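The structure appears below as structure tokens.
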Amino acid sequence: MQTKNILDFEYSDLQSYLLNELGLEKFRTDQICDWIYKKRVFDFESMTNLSKDDRQKLSDNFKISIPHIVKKEVSKIDGTTKYLLELEDKNTVEAVIIYYPSRTIACISTQVGCPLKCSFCSTGQSGYVRNLSTGEIIGQLLAMEKDKEMDVKNVVYMGMGEPLLNFNNVVQTIEILNHPKMKKLGARHITISTAGIPQKIEEVGDLNKEFRLSVSLHAPTNLQRDQIMPINHKYPVEQVIQSCRIYQKKTKKRVTFEYILIKGFNDSKEDALKLVELFGDLKVMVNLIPVNENPAGFEKPSKRFIQAFLDTLVKNGIDAVVRAEKGSDISAACGQLRTRELKEANR
């Protein structure tokens, strides 16, 4: 009998299966979820408040498939921890634990590789293999939590891949993260990042959930964005912004935009003013990210240019910050996942 990964199941579907297919009482669902998501116990035999018969039924029908930690690197600068995780089919993904003074964040992947091939991002250079299953996405968080012996209260879908191209599985993982009997994370502590898939951004608005949306913009014009983000040929800047307006009208929530600053390319005061004009009356927050080491050889602007860009946005009524760099010494910063793996493979 082929067993199913229990991490693929939302609460209601799991309860229904346990009740109708295995004959387990309803309250057993809560006990099983507590063992997996709260206590991080990943074998049924250790679930001691279940009867031996129930444990056998679970083992016969389910597996708890957690990615194997192949490699772990810890930043000597800030403690950021990057994991190389192996899936059952031997494909690998990377995920990261990031520490801030007020919170700890798990950055998780949604695809093996990425099809978008943004020129400043290492993940896209490794090619695209497939979407991750619901259980494979959730499993990254559980593997890191067990290794760190801690509960992570903030999750960002900013690892490898484009989350909105794996829409159904990503939404299902959010239900699992948010459910009070499963991970019980507050929806506002969950952020989906996207390179800008207009139809899917609007669908996120239709969900009417409290999780946050972050859009990777990185340039104020199509001429610039075309050069660094091939997806812009299909979904130009204006279309992305319009979908964000529709999202905001539906949800009443502010949209966060990620903007990588590249020396001599998109870092001038004129670029900042074009950004202000592009946003118009859209309520936004802009995270400015000085570009990290990347396959295209792009360089960071000087601190003076970064500050001038920030000041121009703020003076024109745009909420903006320069995002603190984390994990750059272990290639765990924005756009760097899979960098070292690629370098080692090419030696």
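Yeah, the Cβs are placed from backbone N, Cα and C, and that goes for glycine too.
Record features, source Swiss-Prot:
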ACT_SITE  Glu94  active site, proton acceptor
ACT_SITE  Cys334  active site, S-methylcysteine intermediate
BINDING   Cys114, Cys118, Cys121  [4Fe-4S] cluster binding site
BINDING   Gly161, Glu162, Ser193, Ser216, Leu217, His218, Asn292  S-adenosyl-L-methionine binding site
DISULFID  Cys107-Cys334  disulfide bond
DOMAIN    100-319  domain 'Radical SAM core'
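Secondary structure from DSSP puts Ser216 (S-adenosyl-L-methionine binding site) in a beta strand. In terms of C-alpha distance, the listed recorded positions Glu94, Gly161, Asn292 place Gly161 closest to Cys118 ([4Fe-4S] cluster binding site).
In sequence order, Cys118, Ser193, Thr194, Ala195, Gly196, Met229, Phe257, Glu258, Ile260 are the residues near Ser216 (S-adenosyl-L-methionine binding site), counting only same-chain partners six or more apart with C-beta under 8 A. Between the alpha carbons (Cα) of Glu162 (S-adenosyl-L-methionine binding site) and Cys121 ([4Fe-4S] cluster binding site) lies a span of roughly 12 Å.
Secondary structure at Asn292 (S-adenosyl-L-methionine binding site), as computed by DSSP, is coil.
In sequence order, the recorded positions near Cys114 ([4Fe-4S] cluster binding site) (Cα within 10 Å of its Cα) are Gly161, drawn from Glu94, Gly161, Leu217, His218, Asn292. For the domain 'Radical SAM core' (100-319), the predicted model reports an average pLDDT of 95. Reported as a whole number, the C-alpha separation between Gly161 (S-adenosyl-L-methionine binding site) and Cys121 ([4Fe-4S] cluster binding site) equals 11 Å. Within 10 Å of Cys121 ([4Fe-4S] cluster binding site), judged by CA to CA distance, lie the following recorded positions from the set Cys107, Leu217, His218, Asn292: Asn292.
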